[in-house]
Amino acid sequence: MAATGERQADPGGERLARWQQVVDVPLDVAALVFLIAYSWKVIAQVDTFTDLWLGVLILVSWALFPLSYLVEVMLANRHWYWVQRHPFELLVVLVPLLRPLRLLRVVAKSRVFAHSAGTAFRAAVLVYLSGAAVLVTYIAALAVLDAESSDPDANITSFGDAIWWSFVTITTVGYGDFTPLTLRGRVIACVLMLGGVAVLGLVTATLSSWIVQRVDALEKKRDRQAAGDPADE
């Protein structure tokens, strides 16, 4: 008989874990396919046939995410609790442009994150945040170019303009030489500005933590040297 307070194996949790292992790589591939197909569709001047097939690829890669999400909710024993604990998964289902961010999970699951500590871990976090910033900048550029293409008076008319606008927006510089005119473009701008503030805040916090750790280590070393500890000589 199990000891008091020991949780028995959760069959729903086991089934959910097995499902997640099965769809993990396919969803990563779907996120990459979505990004490539959407980039090609927005940036390149494609013919009607190519545009149709790119639309099919985008639709198929889009459909995999809500399908997997529904299966995960059904496999979880506590459905609403699982939904509340996984807000990003729901956000990815509702906002397709966020799906390429799933590719960052490859970095997060690497051995650097699993086995690093201290300075090495902070360096890995900075790499992760830098990758997130680059990917968000690129996705926002695609999204705003796609949104502005429907407005004949738009001033963001090329991918070069879009990537420049996205860069100055996420860095909170905002020169104002390019501005979105459509409602969808302005919503993207607001989200990008908030994302830029969040990323810069996380980078600043990580660097501050590293500086505090280094100062603390140097002070402890100086105290040991003052106390005559031969290990620090």
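Our numbering is plain: 1 for the first residue shown, then up by one each step along the chain.
Any Cβ shown, glycine's included, is placed from N, Cα and C.
Just so you know, TrEMBL annotations never went through curation; they're auto-generated.
Quick look at what TrEMBL lists:
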type     : residues : note
TRANSMEM : 19-40    : transmembrane segment
TRANSMEM : 52-70    : transmembrane segment
TRANSMEM : 120-144  : transmembrane segment
DOMAIN   : 134-212  : domain 'Potassium channel'
TRANSMEM : 156-175  : transmembrane segment
TRANSMEM : 187-212  : transmembrane segment
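Non-local neighbours of the transmembrane segment (52-70) in the same chain are 19, 23, 26-27, 30-31, 33-34, 37-38, 40-41, 46, 89-90, 92-93, 96, 99; each lies 6+ residues outside the stretch with a CB under 8 Å from one of its CB atoms. For the domain 'Potassium channel' (134-212), residue counts in helix, strand and coil come to 57 helix, 0 strand, 22 coil, using DSSP.
Tertiary neighbourhood of the transmembrane segment (19-40): same-chain residues 46, 54, 57-58, 60-62, 64-65, 68, 71-72, 75, 96-97, 99-103, 105-106, 139, 142, selected by CB-CB distance under 8 Å and a gap of 6+ residues from either end. For the domain 'Potassium channel' (134-212), the model gives a mean pLDDT of 84.
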